[in-house]
Structures are given as structure tokens and as C-alpha cells.
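What TrEMBL says about this one:
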- B:His64: active site (ACT_SITE)
- B:His115: active site, proton acceptor (ACT_SITE)
- B:Tyr67, B:Lys111, B:Asn525, B:Gly562: ATP binding site (BINDING)
- B:Glu113, B:Asn563: Mg(2+) 1 binding site (BINDING)
- B:Ser114, B:His115, B:Asn116, B:His117, B:Arg136, B:Gln265, B:Glu337, B:Ser338, B:Gln339, B:Ser565: substrate binding site (BINDING)
- B:Asp137, B:Asp293: Mg(2+) 2 binding site (BINDING)
- B:1-11: compositional bias 'Polar residues' (COMPBIAS)
- B:26-68: domain 'Phosphoribosylformylglycinamidine synthase linker' (DOMAIN)
- B:94-209: domain 'PurM-like N-terminal' (DOMAIN)
- B:222-381: domain 'PurM-like C-terminal' (DOMAIN)
- B:475-586: domain 'PurM-like N-terminal' (DOMAIN)
- B:601-738: domain 'PurM-like C-terminal' (DOMAIN)
- B:1-30: region 'Disordered' (REGION)
Amino acid sequence: MRIGAVTFPGTLDDVDTVRAIERAGAEAVALWHGDADLRGVDAVVLPGGFSYGDYLRAGAIARFAPVMEPVIDAARKGMPVLGICNGFQILCEAGLLPGALVRNHKLRFVCRDQWLRVESTTTAWTTRYEPGAEILVPVKSGEGAYMADERELDTLEGEGRVVFRYVEDNPNGSRRDIAGVSDGSGRIVGLMPHPEHATDPLTGPTDDGLGIFLSAMDNVKQGAA
Amino acid sequence: MSQAQPQTQPHVETVAHAEATPEEPQPYTELGLKDDEYARIRSILGRRPTEAELAMYSVMWSEHCSYKSSKVHWRHWKENTTEEMRAKMLAGIGENAGVVDIGDGWAVTFKIESHNHPSYVEPYQGAATGVGGIVRDIIAMGARPLALLDSLRFGAAEAIDTKRVLPGVAAGISGYGNCLGLPNIGGEVVFDTTYQGNPLVNAMCVGAMRAEDLHLAHASGTGNKVILFGARTGLDGIGGVSVLASETFTGEESGSGRKKLPSVQVGDPFTEKVLIECCLELFREELVVGIQDLGGAGLSCATSELASAGDGGMRVELDRVPLRAEGMTPAEVLSSESQERMCAVVRPEDLDAFLRVCAKWDVLATEIGEVTEGERLEISWHGETVVDVPPRSLAHEGPEYHRPIQRPAAQDALQADSPGRLPRPSGATELRETVLRMAASPNLCSRSWVTDQYDRYVRGGTVLAQPADTGMIMVDERTGRGVAAATDCNGRYVKLDPYTGTQLALAEAYRNVATGGATPLAVTNCLNFGSAEDPGVMWQFEQAVRGLAEGCAELGIPVTGGNVSFYNQTGDTAVLPTPVVGVLGVLDDVRRRIPTGIGGEPGETLLLLGDTREEFGGSDWADVVHGHLGGLPPAVDLLREKLLAEILVAGSRDGMISAAHDLSGGGLAQTLVETVLIGQTGARVVLADDQDPFVQLFSESAGRVLVAVPRTEELRFTELCTARGLPWRRTGVVDPDSDALEIQDVATFPIGELREAWESTLPGLYGA
């Protein structure tokens with residue numbers, strides 16, 4: 001089982017993503033933004049950070065990096081792809097996920113432990129969770145407010161594509177408290193909070209985030225079987 | 001990209017021209033040089049300096065770069081460092097940052113530096129570039145930066161200007177540090193009216209490397225190439241150090257007035273992040289002989305320091321420096337403080353490999369010169385020599401002043417004004433109100449409005465971060481070996497007695513590190529004071545340095561480096577003397593750290609370690625309730641602090657302590673409030689019946705920690721304390737079923753009420 005983690009210039013949480021993949025028991029494969037090559041991975045994670053300094057718009061430049069061509073191609077063919085934080089922004093910019101992420105409503109970066117409800121357990125990245133499970137993971141972002149028009153939001157809700165929702169307190173003004181969404185197939189998921197930072201209670205609030213990586217592994221195995 | 005108006009090539013003055021025109025008047029006063037300093041430059045060179053040379057001397061001999069007012073006091077560090085203390089140091093004062101051996105082949109480097117004046121002028125960029133600068137100091141040692149801390153001082157919390165400065169500084173640290181991918185794990189936020197118009201922004205960085213990978217800033221080996229890499233050089237920050245850090249700040253623009261650009265530099269954290277990764281790869285590939293970051297004084301500093309630390313001279317072709325503005329003069333190129341630049345010395349045979357690594361990271365790298373035989377730093381501009389100086393005269397042989405020292409006449413009256421006369425709360429109701437009022441006061445309330453803007457998780461090694469007493473990060477993932485770091489200073493104590501107050505700052509940082517379970521190992525400092533030309537300020541400074549040096553000797557941990565910032569004053573009002581002390585500690589295995597919050601174990605007993613005396617001089621109670629500053633600060637007993645630290649470390653190693661929180665500002669009451677809130681668990685506390693409850697709750701006696709011990713360990717732990725002679729008192733029990741802090745015979749505080757008091761203040765002032 002090989003899961004890739006892409007490093008763009010300015011990517012920061014790639015080391016944490018690699019660690020989380022390894023903790024889940026998969027082989028982590030480092031992917032470089034300048035290489036249009038997925039090195040035979042079974043799934044891809046776009047980690048958090050400030051790719052290209054978030055210049056222009058978060059994710060807007062990374063979306064054109066050479067590595068994104070095979071990522072988009074594989075995603076369209078059904079490879080599980082996860083975007084965390086800046087990775088979510090890149091997936092939205094690439095048109096793989098609907099909506100956009102804008103500046104937090106309080107106009108400040110916010111880093112805190114955040115409760116999320118897992119709203120969909122049928123995506124490639126969430127089958128390990130009980131429906132409605134509440135998990136505690138860090139959120140840390142300055143441009144994390146999820147925006148889409150009412151019709152798009154209704155569609156997402158109607159098709160069960162809201163994957164994670166903030167509970168207790170919405171940290172960034174996301175519409176309908178949305179923390180993460182999926183594409184129509186449930187193979188591509190993006191979320192602003194950081195499950196890779198909740199894989200060991202020593203260095204994170206919980207290990208609630210491991211289920212994301214374990215789910216993808218189950219999913220790839222089932223696909224292969 | 002051009003920021004300047006198109007114009008003709010400016011006039012450039014050569015060494016030959018300077019020789020030919022010895023009498024030409026030069027604007028040295030405007031550049032911050034005194035008459036005798038200018039005369040000395042002429043005598044060193046045997047002629048008048050060129051415009052470029054004058055610019056170099058003015059920045060290198062500025063207070064910020066030359067430490068001319070403080071250098072004579074450094075002997076205190078030396079005189080108080082024993083061989084045993086020195087043995088732990090791999091690099092000390094004089095290098096970019098101190099380096100200590102933490103065991104298992106790991107070396108840790110750490111340093112704290114001020115960026116005070118820029119942060120007042122332009123809070124966001126001032127604070128951001130302060131972070132950028134300290135991080136480059138750490139990279140220049142060959143280390144990977146691991147974490148940041150920030151020690152901040154602002155004017156009165158409710159002052160209008162604080163509402164401009166504080167949010168800007170917090171956003172600058174957040175914007176830059178988060179984008180670099182460095183966790184921010186601690187520091188302080190303190191308010192006092194004396195910081196109005198002169199905030200203090202001290203940034204600290206901790207980095208780690210394998211001990212054998214230590215890189216020092218040397219330019220050795222004739223024929224080796226000098227490479228400038230990173231961002232282009234522009235007109236930002238020109239003369240920043242000489243204007244901002246040398247004389248009382250007036251806000252004047254520096255330079256000729258030809259180009260008006262802010263003298264505060266503008267940071268680009270993305271470029272710095274890429275530069276970090278690029279440098280680390282260069283180190284891994286062993287492509288670097290010597291390296292120096294470009295900070296204050298830019299290329300003037302980097303070239304002269306590299307050359308004077310090496311064994312030869314250096315020749316630089318300045319016109320090869322990539323610029324981002326048109327028409328810059330050599331003097332401007334030499335003194336520009338454009339950010340995100342490094343200077344390396346590279347063997348000729350490694351040059352291609354060096355440039356390949358830079359290209360991989362899209363980092364611009366340019367060969368600008370080479371190491372030469374002889375002892376001159378020669379800089380040319382389109383073939384003509386514009387600088388020809390002995391590099392040591394710039395970097396190491398700057399002026400040294402024995403500034404007049406005089407204990408202020410008002411010091412006696414200040415110390416005589418004891419807080420003993422202040423009315424105290426009497427009865428349970430008044431005590432209850434005081435607890436809540438203190439918890440909500442700006443200096444004791446929750447800092448999360450600021451610290452929630454900092455990423456504390458990135459890189460995945462953070463084990464403790466604010467609001468814990470100490471930050472702690474894992475260094476070796478395999479063994480769990482890690483380091484703890486804390487910064488502290490109570491300027492009110494230092495004002496009352498600079499010697500004792502500075503030792504109290506040391507004691508608190510030392511205690512905080514131990515409260516996390518780490519063994520304190522080494523010390524750094526950032527000494528923020530008023531004008532060096534005020535004898536009263538210099539008395540405070542001298543006392544502080546001596547207090548710190550002698551305190552470190554008593555604790556047996558070395559001072560590995562430091563930073564001095566003078567002229568922190570507005571008009572005649574100096575800031576509270578603020579010698580910020582940073583202590584670094586080590587822990588074999590961070591899994592044995594002591595958390596701050598209670599409730600982690602079923603059945604915990606609360607024990608108060610140490611003695612409580614009636615000590616209110618400089619206390620938060622005197623400040624919050626009476627606006628009073630007078631008397632003497634709490635007594636300091638460093639041997640007691642050492643014993644306390646040993647017990648805490650032993651307790652953590654043997655799993656006897658489940659939580660710990662030190663007592664400092666606000667005393668036991670504040671510690672109890674925070675312990676309950678951080679642990680989200682209630683507790684029942686019983687005060688001693690042989691001491692005034694007010695004193696027990698609010699005294700700020702040093703050398704105390706509140707620990708929670710699992711009931712099964714209580715006997716073993718208290719026997720350890722008794723055997724080692726550390727006073728302890730059973731103070732209460734943790735009650736997981738309760739959602740209140742109950743202080744028997746005083747009051748019961750529902751956790752919700754405490755949270756409201758503690759957490760509402762800063763959002764109320766700076767916006768929810």
C-alpha cells in the first residue's frame with residue numbers, strides 16, 4: 001500500500017502527513033511538485049501549508065504545478081485523493097471539488113482544537129468512522145471559510161457530500177459549518193482541519209485523525225480485491 | 001521589478017577620490033557617528049572614508065551591531081562561567097547563536113533577539129522580520145529551526161495605540177512564523193504603561209542538528225568563493241540599525257532623501273521557507289565552508305564578519321549583487337537590510353553543486369567575490385575600488401564605551417514605598433472578588449487571543465505549548481529526546497531591584513522548564529533597557545548583567561549568548577528594565593513530560609511545594625488593585641530553585657507527578673484558576689490555618705510549584721520532598737466530578753465563571 005504526499009514550495013505539513021500515513025501502516029511516498037509522476041502510488045494526499053506563499057490566492061498557483069496533471073488525471077479515474085487545508089484549497093482551485101475557501105470571518109489566523117462531526121461515512125476516506133461520530137482535531141488556517149452558493153450547498157447536502165461539519169463553534173465562518181466536502185464519487189475529499197496532527201495524543205489532541213488514513217487503505221485494498 | 005524612479009547612474013565615490021580629497025566634509029553625524037568615532041575611522045584608514053566605507057562603519061559601529069555600550073559588561077559572563085559549565089557548550093557568545101550538547105549526538109542552538117523599534121513604527125512588518133532574522137541566525141549555525149517563542153511587551157492594554165500595535169505584532173508573528181512552518185510554543189505577553197510608544201518584540205528560535213554538523217561563520221581558504229543567495233537586494237531598511245537602534249528614536253528617514261522607502265524592512269516568509277530548505281540541503285551535501293545570515297547592516301555585516309572570523313581577506317565585486325531597485329549606490333547596496341538573504345563561502349570545486357541545489361529550490365545565487373590572502377576587505381564597483389578596509393576594524397574593533405553608571409537617587413524612595421501599607425481585601429466576599437478581578441486583569445488573563453493566531457502543531461513535534469509554563473518539542477523521534485524552552489521577565493521586579501529582579505527572571509524561566517519535567521541546561525537573554533547615556537539606566541543594566549551572570553554560576557548553567565537593546569524610551573521615560581531570560585532544558589523522553597492541566601489521572605492530590613512568605617513588592621495584586629509599584633521584590637533563593645527543579649525532574653522520571661504549574665504573577669490564586677481551567681476539572685482546596693488567606697492566595701514568593709500527584713504516589717513523593725528538605729503542603733484534591741474550584745472558607749468558583757473572567761478580557765479589548 002503506497003500513499004503519496006506532495007511537496008510544493010511552501011508546503012509545511014508534508015512531514016506530518018508522511019508520519020500519519022506511516023502510523024496508519026502504509027508506505028509514504030514523497031512526491032515533488034516539479035515531477036509529473038505519481039511513482040505508482042495507490043492514493044494521494046495534498047498536505048497543508050502555504051504553497052507558493054499563498055500568493056495570488058491560496059492554492060491558485062499550486063494548481064498549475066506539473067505534479068497536478070497526473071493527480072487530476074488519476075483522481076478522475078477514481079484514485080482516492082485527500083486535500084488537507086492548503087491541499088483542500090488546491091483541490092477547489094483545480095476544480096476537483098466545488099466551492100472556495102476565503103479569509104476567516106474574524107480576519108485572523110486561528111489555531112485550536114476543534115470538534116468535527118463526520119457527516120458521511122461512505123467516502124473513500126471516512127469508512128472507518130461511525131455515522132455521526134464526533135472527532136477532535138486541530139484546525140489551523142487563515143483562509144478556511146468554506147463558501148459556495150445556496151444551490152451548490154443544497155446539492156452538496158442533498159447528495160451527502162458534506163463530509164465534515166464543525167460542531168460547538170464554527171472557527172472561520174464557513175457556510176453551514178462545513179469543514180470538508182467530497183466530489184460526487186466520494187473518492188476525492190478535502191477538509192480544512194488537520195487529521196494528520198491528531199494521530200498521537202502526545203503531540204496532538206487525540207488520535208481521532210488516524211481513521212482517515214486507515215479508511216483509504218481499506219478502500220484501496222477492497223478495490224484491489 | 002523597479003521601485004525607484006528611472007534615473008541616471010548615481011555618482012560613485014572611489015577610494016582614490018577619497019584619498020585625493022581629504023578635506024571634503026562628510027555627513028557622519030547624520031549617520032549616527034560621533035566626532036571621535038569619525039576621527040578613529042580616519043586614523044584606521046589613514047585617510048577619510050569613502051561614502052561606502054562611511055556607510056559600513058556607521059552601521060557596524062551602531063549600538064545594535066557593535067554592542068559598544070554593553071561590551072565592557074560582558075566580562076561578567078566570562079568571570080562566572082566555570083569549566084564545567086563551558087563543557088556543555090559547543091559554541092557560545094560571539095557566534096550567531098549559542099549551541100549546547102543535549103546528548104545522543106544532538107546539538108541544540110537557540111537565541112533571542114529584539115526587534116523593538118521597527119515593531120512600533122510598523123507592527124506587522126517589524127514583528128514579522130524579527131522572526132525572519134532570528135530564524136536565519138539559527139540556520140547560519142547549520143541547524144534546522146524547530147520552534148519559535150515570542151516575548152512581547154505593550155503599553156496599557158486599553159490604550160488606543162496598544163490597539164494598533166498589539167494586533168499588528170501578533171498578526172506579523174503569525175503571518176511570518178506560520179508560513180515558515182515553525183511551531184510557536186511559548187513566550188509572554190505583558191502590558192505596562194512604560195512600553196507605550198516603545199513596545200518590546202523579542203523573538204526566540206530553537207534549532208537542532210547533529211553535533212558534527214555545526215557550521216560557524218568563517219571565511220577560510222584563499223580562492224574560496226563568496227556566494228550571496230536568497231532574495232534580491234533593494235532599498236528597504238537602509239540604515240535601519242544605525243537610525244533605529246543607536247540614538248533615541250526620532251522617526252526620521254535615513255539616507256540622502258533621494259529615495260523615500262520605509263526604513264523598516266518588508267518580509268517574505270515564502271522566500272525564507274524555501275531558503276531554509278535550500279540551506280539544509282546544502283549542509284547535508286557538505287557544500288558550505290562558512291555561512292552568515294544577512295540581518296542588521298546587511299552585506300556590510302556579512303562580509304566583514306565572515307572575513308574577520310576567517311584567516312584571510314575578501315574581495316567582493318559589489319556590482320554583481322542582484323538588485324531589485326534601479327540606481328542603487330554602493331553604500332546603499334552595502335547597508336540594505338532586504339530580508340531573506342544569506343552569504344556562504346564555498347570551495348571552487350563545489351560551486352556547481354552549490355548552484356544546482358539553489359536552482360532546485362528556485363533560490364537565486366550569485367558569486368560575488370572570493371577569499372583572498374592578506375587582511376583587507378576590498379569591495380569594487382564596476383572595476384573601481386570603493387572599499388578597502390581591515391575587516392576586523394568593522395566587525396570586532398568597534399568603539400567600546402564605559403558609560404557613566406549611577407544608582408538613581410529615587411531608588412531608595414522606591415524601595416521604601418512598601419506595599420505593606422496598602423489596604424487588603426478582608427472577608428470571603430472581598431477575597432472572592434479579588435480572585436476574579438485578578439484573573440481578568442490584562443497581565444494574568446488568557447493569552448489565547450494572541451497565541452491562537454500561532455500554529456503550534458506544524459512539524460508534529462510539539463509536546464507542550466502555551467498556556468503551559470514551558471514549550472517542549474521532540475528532537476529525536478526515535479528516542480523521544482526533546483528540549484523545553486521558556487522565556488520570562490517581570491520588569492516590575494527588575495525596576496525595584498535590578499540585581500534580584502533579573503535573578504527572579506532567571507529563576508522563573510528555570511523553574512518553568514523544570515515544571516515541564518526537563519532539566520535546565522543553558523541560558524540566553526535579551527536585555528531591553530532605556531538610554532545607554534542615562535547613568536541610572538546603565539546602573540540597572542550593570543546590576544542586571546551581574547545578577548544574571550552570578551545567578552547562572554550558582555545554578556551551574558552557562559549563558560550561551562544574548563542580545564542587547566538600548567534606547568527603549570519615549571522622551572525621558574525609559575521602559576521598565578526588561579532583561580528577558582530564556583532557559584533551555586533537555587528531557588530524555590518527552591513522553592514523560594508533565595502536563596499543566598489536572599484531571600489526567602483518577603484521584604489526584606494537590607501539593608504546594610516551597611515556602612509562602614508575605615511578599616507583595618512588584619506584585620500583580622499591588623498593580624491591579626492599587627496601581628502601586630514600590631518596595632522590594634520577592635527574595636530569590638537559587639539553591640532552592642535548583643532543588644525544586646531536581647525534585648520535579650525526578651518526579652516526572654518516576655511517574656510521580658501527573659500535572660504541575662508554577663506560581664508567579666498573581667500567586668496561588670492565579671495558579672489554581674489556570675490549573676482548573678486548563679485541565680477542565682474541578683478541585684477542592686484547603687488553605688493553611690496558620691497564615692492569612694490573603695497572603696496565601698496572592699503572595700508572589702518565588703520557588704513554588706503546585707503539583708498534582710496520583711494518590712498512589714503521594715506518600716512516595718512527599719517522602720522524597722521531606723528527605724531532600726523541600727517544604728511541601730497538602731493543599732487539596734482534584735475532583736473530576738466537580739465543575740468548580742472550591743477554596744474552603746473563601747469561596748466556590750464555578751468553572752464557567754472562571755472561564756468567563758479569564759478569557760473575556762483580550763477579546764473585549766481587541767475584538768472577539
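Backbone N, Cα and C atoms are what each Cβ position is placed from, and that goes for glycine too.
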Problem set entry | Chain residues outside the domain 'Phosphoribosylformylglycinamidine synthase linker' (B:26-68) and at least six past its termini with a C-beta under 8 angstroms from it | 13-15, 17-19, 74, 239, 241-247, 254, 296-298, 300-301, 304, 329-332, 334-335, 379, 381, 386-390, 393-395, 398-401, 532, 564-567
Seminar exercise, completed: DSSP tally for the domain 'Phosphoribosylformylglycinamidine synthase linker' (B:26-68), helix/strand/coil in that order, comes to 25 helix, 0 strand, 18 coil
Exercise. Near B:Tyr67 (ATP binding site), meaning Cα within 10 Å, which of B:His115, B:Asn116, B:Asn563 (recorded positions)?
Worked result: B:Asn563
Exercise. Mean pLDDT, the domain 'PurM-like N-terminal' (B:94-209)?
Worked result: 95
Problem set entry | For B:Asp137 (Mg(2+) 2 binding site): DSSP state (helix, strand, coil) | helix
Problem set entry | Per-state residue totals over the domain 'PurM-like N-terminal' (B:94-209) - DSSP helix, strand, coil | 47 helix, 45 strand, 24 coil
Seminar exercise, completed: In whole Å, the longest Cα-Cα distance within the recorded ATP binders B:Tyr67, B:Lys111, B:Asn525, B:Gly562 is 16
Seminar exercise, completed: Closest by Cα to B:Asn525 (ATP binding site), out of the binding-site residues B:Asn116, B:Arg136, B:Asp293, B:Glu337, is B:Asn116
Problem set entry | Chain-internal residues near B:Ser114 (substrate binding site), provided their CB is under 8 angstroms and they sit 6+ positions away | B:Gly130, B:Leu200, B:Val201, B:Asn202, B:Cys526, B:Asn528, B:Asn563, B:Ser565
Seminar exercise, completed: Per DSSP, the domain 'PurM-like C-terminal' (B:601-738) contains 56 helix, 28 strand, 54 coil
Exercise. What is the three-state DSSP composition of the domain 'PurM-like N-terminal' (B:475-586), stated as helix, strand and coil residue counts?
Worked result: 45 helix, 37 strand, 30 coil
For this session: Would you mind reading off the Cα separation of B:Asp293 (Mg(2+) 2 binding site) from B:Arg136 (substrate binding site), to the nearest angstrom?
Result: 6
Seminar exercise, completed: Its Cβ having more other Cβ atoms within 10 Å than any other among the binding-site residues B:Glu113, B:Asp137, B:Asp293, B:Glu337, the winner is B:Glu337
For this session: Could you measure between B:Asn116 (substrate binding site) and B:Gly562 (ATP binding site) for me? Cα positions, answer in whole angstrom.
Result: 15
Problem set entry | For B:Lys111 (ATP binding site), the number of other Cβ atoms found within 10 Å of its own Cβ | 27
